[in-house]
Amino acid sequence: MEATSQLFQIQEGVSGKLIRILSIDGGGIRGIIPGVILAFLESRLQMLDGEDARLADYFDVIAGTSTGGLVTAMLTVPNEDNRPMFAAKDIKAFYLDECPKIFPQESHALGHAAKMIKSFSGPKYDGNYLHSLIKEKLGGVKLHETLTDVVIPTFDIKSLQPVIFSSYEVKNEPSLDASLSDICIGTSAAPTYLPAHYFENKDSEGRIREFNLIDGGVAANNPTLVAINQVTKEITRGSSEIFPLKPKEDGRFLVLSLGTGSAKAEEKYDAEGAAKWGVLGWLLNGGSTPLFDVFNRASSDMVDFHTSTFFQALHSQNNYLRIQVTATGDWRLESCDR
């Protein structure tokens, strides 16, 4: 954790303006992991700058996918005084209090069997409680109203294309200025776990755009590179009033990337078992979804690899910090018993 606090000790006078990016992976209930890290970081900043200090005051961009998108929204949604509605310490309590209601667990074998049968014909959970909870917490706040710039990846199942809800893109594509609640419901709609999310949004001229969204993790479970891409595009557009940098000055990025835990040490699957799987085995195995696990883990790790290489090539490897914990036990995205 000491490395985290050191992220803010790089002297800006050496290289000029630094663009601080916070990136948060997807991972269901495991969003509690970055929640704990962020609470610690915010508490350290409050020791320096007072109890009113919030993470949105320190990061130029906060990016999050799936559960990370919800954390992003909680950190940046404004209250009536135009300050963050939630402190970072509220995130842990949110997951601990609400997880059992979002992902209700069966306590007997018959219930487990019924849920497994249900998963053959529809999502494992109806998402009703999660949807109402998100709407209650975020209200009608729209993307352009966040207290710092945000980037939240989703995936449109109809067009088979990623949809990036970005504070920067809203200026050029007003139809993306959707409510944070719709965006968060969409980016957290994990296939086989929660239903896809449909909504419509009007732009300033009344034109309607339809969205058919599923979990952003299928495209970018680790949104670090997406966030860097969005900032780079803004720089090349010449928005000097926002980022007074030139395209060649990419070395001024300062990135904190938070994972949601890795269960690699478990060696959960092996080739001998996978060789016998058909469609059902890849979609449902011991209460997990191997296909979803593999794609999400591979996506996150490859983004970390490419981002690390990017910063090394710029001779600024100290400007990138990835925090990922290795855990044991049941770390499914829905597991509420740890």
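In case you wondered, yes, glycine gets a Cβ from its N, Cα and C as well.
Annotated in TrEMBL:
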{"type": "DOMAIN", "residues": "22-228", "note": "domain 'PNPLA'"}
{"type": "MOTIF", "residues": "26-31", "note": "motif 'GXGXXG'"}
{"type": "MOTIF", "residues": "64-68", "note": "motif 'GXSXG'"}
{"type": "ACT_SITE", "residues": "S66", "note": "active site, nucleophile"}
{"type": "ACT_SITE", "residues": "D215", "note": "active site, proton acceptor"}
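S66 (active site, nucleophile) sits 6 Å from the residue listed as 'active site, proton acceptor', taking the CA atoms of both as reference points.
Under the DSSP three-state reduction, D215 (active site, proton acceptor) is assigned to coil, being neither helix nor strand. If you take the C-beta of the residue listed as 'active site, proton acceptor' and look for same-chain residues 6 or more apart in sequence within under 8 angstroms, you find G26, T65, S66, T154, F155, T187, S188, A189, A190, P191, L194.
When the motif 'GXSXG' (64-68) is classified with DSSP, helix, strand and coil residues number 2 helix, 1 strand, 2 coil. Across the motif 'GXGXXG' (26-31), DSSP classifies residues as 4 helix, 0 strand, 2 coil. S66 (active site, nucleophile) counts 34 other C-beta atoms within 10 Å of its own C-beta, drawing on all protein chains shown.
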